[in-house]
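Trainee: My questions all concern the structure below.
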């Protein structure tokens, strides 16, 4: 990989082409923000299905256990666990149901490192869907923290680019991850593109005649 790509990837406002043979370019953070304001979006509602088996919702959705039952929710990922500007549920809140709970104490602030939860959240969602079951990923409004974790899951588990993941979800739910979260999703996109390029290079090397 060229040193030019590495230096560009450190600038969150620059577009980066990781694979020189690909037409795909990871946008800068400001360009990612523009995706949420381009074209018609969907109206805000309490909960939406954004992928088979995956629902993004808000605090109201998470608190209404009968409603979760009606949706067939078997797993709840609370991306806003904690006391301040968060949703106070926890595993005990669902103890009289068959719901499996996973909580993440994430602050909806641009400076918060939500990327530390990308892999454990994706693993929880993956395990829920492998049954197959339905999982609710929520925060207070269901627009930033929960949306960010679902976008990361789609990128890691389904090989969607950050652009394709955003476009897919925003057509089904009104989402708006904060600026810092978009930076981290952009960094994830570059990391995943680099890993795929490395794998492709290794495969091509193995296929060359000796």
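Every residue gets a Cβ built from N, Cα and C, even glycine.
Not my notes, these are from Swiss-Prot:
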DOMAIN    46-194  domain 'Tyrosine-protein phosphatase'
BINDING   138, 139, 140, 141, 142, 143, 144, 145  substrate binding site
ACT_SITE  139  active site, phosphocysteine intermediate
Trainee: Based on DSSP, name the secondary structure state of residue 145 (substrate binding site): helix, strand or coil.
Mentor: helix
Trainee: Select one residue from 143, 145: among these binding-site residues, choose the one with the most other Cβ atoms within 10 Å of its Cβ.
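Mentor: Top count of Cβ atoms within 10 Å goes to 145.
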Trainee: For 139, 140, listed as binding-site residues, tell me which one has the smallest number of other Cβ atoms within 10 Å.
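Mentor: Least crowded of the binding-site residues 139, 140, by Cβ count within 10 Å, is 140.
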Trainee: By a simple count, how many Cβ atoms lie within 10 Å of the Cβ of residue 138 (substrate binding site), its own Cβ left out?
Mentor: 28
Trainee: Inside 8 A of the center formed by the CB atoms of 138, 139, 140, 141, 142, 143, 144, 145, which other residues of the chain have their CB, for the recorded substrate site?
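Mentor: Not counting the recorded site residues, we get 56, 58, 59, 79, 80, 108, 146, 147.
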Trainee: For the domain 'Tyrosine-protein phosphatase' (46-194), what's the model's average pLDDT?
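Mentor: Averaging the confidence scores along the domain 'Tyrosine-protein phosphatase' (46-194) gives 97.
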Trainee: Do any residues at least six apart in sequence from residue 141 (substrate binding site), in the same chain, have a Cβ closer than 8 Å to its Cβ, and if so which, in order?
Mentor: 58, 59
Trainee: Drop a 10 Å sphere on every Cβ of the binding-site residues 142, 144 and tell me which sphere holds the fewest other Cβ atoms.
Mentor: 144
